[in-house]
């Protein structure tokens, strides 16, 4: 009896903003690694999430949502997403199942033009699709592009996610174990900490404020008593945004700090001392030097 081959590879997750890419990956990993919010364009960088299955390893790549870029930051985000479909073994193209497929057809054809890797269309949020319309919508997507498979899932409830993972694993080539099996991601803890703080800003503030913030971890040190001391700066573009982030009598900054600290403590499994500062950094989202300084290269 022949030994089962080990399958592994890189799988890019792409789609419009707010279709549930990060939520899906968190569900697959069984851990909250990717930040999420109900606002579009929460994800800014490509982040790898490593999922080990019996007989294989899947390296998922979470990407920013594909949208019309205005600032240099937006262009960076879109470039991150579009470049991720090259050189991978498989692509998961995520769509909101509740959206009319005809509205997505043009974007799908444009993004996947010239792509060599097989593509699975993942229809997310199927719990929001009216009864009786699911098969019709799947058929419409099938006329748009020669997808390898069309899979309906709900990242929120978990419906269909395990079947998706099994399908992905089966389509990957034979290959090595790229990462140790106890590694969840290839990004450092400092990056994840900055993302957690940014997520709280997205969840607690509104309008242009979350889109105008960049979080930089200035120091990350473990003290002799085991407490991790973290200092981070929240960069904004205008004085008015700084005032909103700080809030009346510092209340908003306190809420951001408390919620961030609690999640960072769960992540690091230790006590955390978190110090947050707010700085006005001008129009940083359109400044090449600052974008590089803040990690958007």
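Each Cβ is built from the backbone N, Cα and C atoms, and glycine gets one as well.
These figures come from a predicted structure and were not determined experimentally.
Feature annotation from Swiss-Prot assigns GTP binding site to 15-22, 62-66, 124-127. Residues annotated as domain 'Era-type G' in Swiss-Prot, with sequence analysis given as evidence: 7-174. Annotation source Swiss-Prot lists domain 'KH type-2' at 205-282, citing sequence analysis. For 15-22, the entry in Swiss-Prot reads region 'G1', with the evidence type sequence analysis. Per Swiss-Prot, the feature region 'G2' maps to 41-45. The region 'G3' feature in Swiss-Prot is assigned to 62-65; the stated evidence is sequence analysis. The region 'G4' annotation in Swiss-Prot covers 124-127.
Sequence-distant contacts of the region 'G1' (15-22) (same chain, at least 6 residues past either end, Cβ-Cβ under 8 Å): 34-36, 38-43, 62-67, 93-96, 104, 107, 124-125, 155-156. Summed and averaged per residue, pLDDT over the region 'G4' (124-127) gives 94. Secondary structure of the domain 'KH type-2' (205-282), assigned with DSSP and counted as helix (H, G, I), strand (E, B) and coil, comes to 32 helix, 27 strand, 19 coil. Shown for the region 'G3' (62-65): DSSP residue counts in helix, strand and coil, namely 0 helix, 1 strand, 3 coil. Taking H, G and I as helix, E and B as strand and the rest as coil, DSSP gives the region 'G4' (124-127) the counts 2 helix, 1 strand, 1 coil. Neighbour list (residue 63 (GTP binding site), Cβ cut-off 8 Å, at least 6 residues apart, same chain): 12, 13, 14, 21, 43, 46, 80, 81, 84. A simple way to gauge crowding: the CB of residue 21 (GTP binding site) has 30 other CB atoms within 10 angstroms, across all the protein chains here. The Cβ of residue 18 (GTP binding site) has 19 neighbouring Cβ atoms from other residues within 10 Å, across all protein chains displayed.
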